[in-house]
Structures are given as C-alpha cells and as structure tokens.
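TrEMBL has this to say about the protein:
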SIGNAL    1-18  signal peptide
DOMAIN    212-474  domain 'G-protein coupled receptors family 2 profile 2'
TRANSMEM  218-237  transmembrane segment
TRANSMEM  249-268  transmembrane segment
TRANSMEM  280-305  transmembrane segment
TRANSMEM  326-346  transmembrane segment
TRANSMEM  374-394  transmembrane segment
TRANSMEM  415-438  transmembrane segment
TRANSMEM  450-471  transmembrane segment
Amino acid sequence: MTRIIFLLLLLAISSALAIRTGKEKCPFNDTVDLSNYMPYDNGSYSYQNIIIPKANVSIYEYRLEFLDIRRPVPGHPRACVCGPRHHGKYCIKLCCEPGEFYNETSLSCMEIPRYQNVPSEMTIMAEDYEQKLVNVFQKFTYQVGLPCDKPKVLSSDLDTWDILEDGTLMISNYDAHLDTVSYCLTPKWDDSLNLNVFMPMSCPMKSEVQFSTILNTYGMLLSVSFLVPTIAVHLLLKELRENLKNKILICYLLSLTVGYLIISLINITQARFDFVSCSIIGYIGYYFLMAAFVWISVLCFELWYNFKAQSYEFCTSRCLRRFKIYSMYAWGLSALMTAIVVWTQLSDYVDDLYKPGIGIKVCWLDTRKWSAALYFYGPNTIILIFSAITFVYVTMKMYRMRCDSITKIQKQSFFQENVVILVRLFLLMGITWIMDILSFCVRNYPQFDMFFVLTDFCNAIQGVLIFILFVMRRKVTSLLKAKFLGKTVKGNCDDSIQFHSTLSMSTKVT
Ligand SMILES: *[C@@H]1O[C@H](CO)[C@@H](O)[C@H](O)[C@H]1NC(C)=O
Ligand SMILES: *[C@@H]1O[C@H](CO)[C@@H](O)[C@H](O)[C@H]1NC(C)=O
Ligand SMILES: *[C@@H]1O[C@H](CO)[C@@H](O)[C@H](O)[C@H]1NC(C)=O
Ligand SMILES: *[C@@H]1O[C@H](CO)[C@@H](O)[C@H](O)[C@H]1NC(C)=O
C-alpha cells in the first residue's frame, strides 16, 4: 500500500512540475543567458543594446541541450529576447563570444588570432529560397553556448546546410531542422578562402544513443524471444487455449510482444523514418502497449468477478460471450486512447508543451517532457492501482474462503486458476512497471542512472520470467509431452505444491 501512496505522490509532483514549466514566459530557445551580465541598480539588464526590465527576467534551473535534453544547472537569470514576439529579431547561437572561435581539440573557446579576420557576414537562405549575404550581428540577436559537451563542425563537403531567416539550421541531407538549442556557429579557418567563415556545429546523433537505450532494446528483444514461444504454447494446447483467463493472458502477451517489437525497432533504427511513417509507428506502439495494460485490468476484473460470483466452475459458452465483451472493451479503449493522443498531437488547440510529441523529434512519446509522458504513465498508474486493489481484495477473500464448505479439490483448482495467475502477473508486471515509472520520474538526475539499468534488466527479464512461470510448469510440460510424444497426462496433483510455493513467495515479496 505504501508503494501506491508513493506512486500517487510522484504523479502529483510530476503534474505539478508539468504545470510549473507551463508558467515560463516563452520557450527556452527564445531566451538568452544573462549570467555574465551585470544588472543596473534598478535591476534592468542590457543585452546587445536591448534594455530588459527586471520583471522580464526569470531564474532558470536547467538548460536545454541538443534535441531538448534538459540538464539541471544552478539557477541563472534568463530573459525572453528572441523572435518577433519579443524584440523583433530572431536569434542565432554562437558557440563562443564574438571574436572567439571554438577549438575542437582543446574543447574550449579561444581568441581569434590578431592577424586573422573576425567574420561578421554569412549567407543565409531567405524565405524565397534565395541565398543572401547578411551581417549576422545586425540581422540577428545572438545567444552564446554549446549544444552539447563535444560539438562537431558540420562537414562542408558532406553536409548541405543553411541558416534560415528565423535563425534555425536546416541540414538537408539529414532532413533535420534544428533550433538554437541544438546547434551553434563558430568562426572557422577556410584554407581555400584564407578567411575565417562561420560554420555550424552540432552534436553527432549516433553517439548520443545512450548505453541504457541499447540495453533496453536488447532487453526487450530478449523478452520477445521468450514471449513468442509462450504465446505459441498457449495457442497450441487446447486445454490452455479454452480457458478464459488464458485467452486474456494471450491477448496481454500479444500486445506486449508487438509493443516491445515496435519500441525496439524505433530504438534500433534511430528515427531514420520520415515524419509520417515515424508517427504511424509511434502510434501503433502506443496502441499495443496501452492494450497490454488494459488487458491486465481485464484480467484483474475477471479474477475479481470470479470471486464475487463464487463460480468455481470452468465456464464454456458463457465465457465466449464474456471474452467478446472484454475484447471489445480492451481493443476499443486502447483505440480510444490512441485517438485522443493523435488528436492532442495534431490539434491546434493544444499548447506544444502538453503534446505527446510522437513523431516530432522521436517516433515514440517524448519522455523527456513530463506532460508527454503522462499520456503513458498516467493511465498505466491508474491500471496499476486497480490491479493492486484487486490483489489485496482477492488475497483477503482467499483467507476468508478457508472456512467455506466447498471441497478441497474445488478450492485447489480455484486457487490454481485464479490466485496463482494473479500473483504471478502482479509480481511480474507490477514490479517491472513500478520500476519503469520510478525511473521515468528520476530520469533527469544522473545520480540515479543505475536505476535505469535495473529497470531495463527488469524489462529484459519479464519475458523470460513469464516463460518460466507460464510454460515451464509441470502441467504445461506434460500437456506438451502428451501432444507431441503421445504420453498420457497424469493427474494434477503436483499443482497444489506449486500453488503453495508461489503463494509463499508472493507473501514474502509484497
Ligand atoms: C534602469 O536603468 C537603466 C540605466 O540606468 C535605464 O536605461 C533603464 O531605463 C532603467 N529601467 C527602468 C525600468 O527604470
Ligand atoms: C516585458 O514583458 C512584457 C509582458 O510579457 C512585454 O509586453 C514587454 O514587451 C516586455 N518588455 C521587454 C523590454 O522585454
Ligand atoms: C587548438 O588547441 C590545441 C591544443 O591546445 C592547439 O594545439 C591548436 O593549435 C588549437 N587550434 C587552433 C586552430 O588554434
Ligand atoms: C522554439 O521551441 C518551440 C517549442 O519547443 C518551437 O515551437 C519553436 O518553433 C522553436 N523556435 C524556433 C525559432 O525554432
């Protein structure tokens, strides 16, 4: 129960943070850093001849770096200056102060030697796609900073790039459109011209792939390679397939498998899709992962319903109808949620801040944004709480049931069918997803990086554990033997042993 309270607390904090970021006066890319500037006595700042009143300066405790990665830094003053909404001029970003260049060897800014020119002009691409020569310092306001720790100068032979009139950088061969958060300009010596010219620097996309992403991808693929045989076994064996709970389980496993496959695909290909296919893949992934969660809630409901009805029997035709209703609910609800996410993403009425971000910079939800990730972790948390409540309810019921006058055999098969499956699933998905949500909450703090490794390990192990718990059971293996080797099935007497051991395990862990 404490876990649930903790989760609720985290959810409250995260939504509070999402609201707080909403109060910022303008997007980060429109702000300039004032930490190296001295305010006047009245608190105003002067930035490149722009007087910024005290009221328009606010303290930021983070910086955005390449592709909007948020890095927490000590609080420093920034003001909204760029763009027509503020002072008319758009901003460009310089890597270093004017008169300096960025040295890629020493990874620092250095003064341009006296005998070399200090560039002030460059060609940009105007709105009519014409190249035009402008004075950078007159045309734009400049910001100063690096997009990441080790930016690289774009190659003038391999990359076709242009600075546009709104100060963004277009790299045609990568189909990339970067704002000032993700690039900077530095003077660079051009041997053929014998001049310093402005060259853009940005960060290599490939090396940005983090260790944890790689681990996560291979973990999911490992899971998938165990989930597929689990599904196959359940579909193959009539005895398993006919049971309503196993049908629900199969749907859950199928959704999870497709979801994991899509996320792995996105991670492996590193968003080399165009916008439309990237979005479609992202939405399909969202649909199936959401469906996996909804199927979990269906399973919980089914167990709860069974207890309430005290139906200790197998159901046959009645169950088929119920399964149809469940299917409609699960696939339909996931479709509805996907539709909401699509609408939010495409709608003009929703502020960018609250959009899920599927297909914009990543094909998947932009989990660097609190608000975006709530589309995923929000519903999941609710379903998790629902499963936890079911779990507690069923456990309590079970203790009371000890005194009921049903036969021991009935009790045993009932436990086998209901409780064991619930305990297993709750352990598996509960712990995995709780870890996932927690690691999402602490993702901006490097000191918690270990947490991600742990989460990814949990994800990786999930499919393996499902395989062990649902396939490597004596009942299933003997059914498999019977099917393929023609051996007869022995009685179910070993199930009770397993039931006891699973229960004692569950009481230890929860
Ligand atoms: C603050 O002082 C500066 C310089 O003395 C002046 O230019 C500016 O107008 C003043 N701002 C306010 C709001 O009084
Ligand atoms: C300060 O902010 C106000 C309100 O956002 C805006 O109307 C005004 O133009 C800003 N002034 C300056 C100098 O940035
Ligand atoms: C960059 O820094 C290195 C090491 O400090 C130095 O040897 C090199 O000359 C610098 N490059 C330029 C172009 O000044
Ligand atoms: C700045 O960021 C906002 C939100 O992330 C984006 O909508 C806007 O296009 C960016 N500005 C520029 C000039 O690219």
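Yeah, the Cβs are placed from backbone N, Cα and C, and that goes for glycine too.
Note that TrEMBL annotation is computational and uncurated.
Looking just at the domain 'G-protein coupled receptors family 2 profile 2' (212-474), the mean pLDDT is 81. Taking residue pairs at least 6 apart in sequence, the transmembrane segment (374-394) and the transmembrane segment (280-305) share three or more C-beta contacts under 8 angstroms. 450-471 is the stretch from 249-268, 326-346, 374-394, 450-471 with the greatest number of Cβ pairs below 8 Å to the transmembrane segment (218-237). Remote same-chain partners of the transmembrane segment (450-471), defined as residues 6 or more beyond its termini with a Cβ less than 8 Å from a stretch Cβ, comprise 212, 215-216, 218-220, 222-227, 229-230, 233-234, 249, 253, 260, 424, 428-429, 431-432, 435-436, 438-439, 442-443, 477.
Through the fold, the transmembrane segment (249-268) approaches residues 213-214, 216-217, 220-221, 223-224, 227-228, 230-231, 234-235, 241, 281-282, 284-285, 288-289, 291-292, 295-296, 298-299, 327, 330, 334, 362-364, 421, 425, 463, 466, 470 of its own chain, all at least 6 residues removed from its boundaries and within a Cβ separation under 8 Å.
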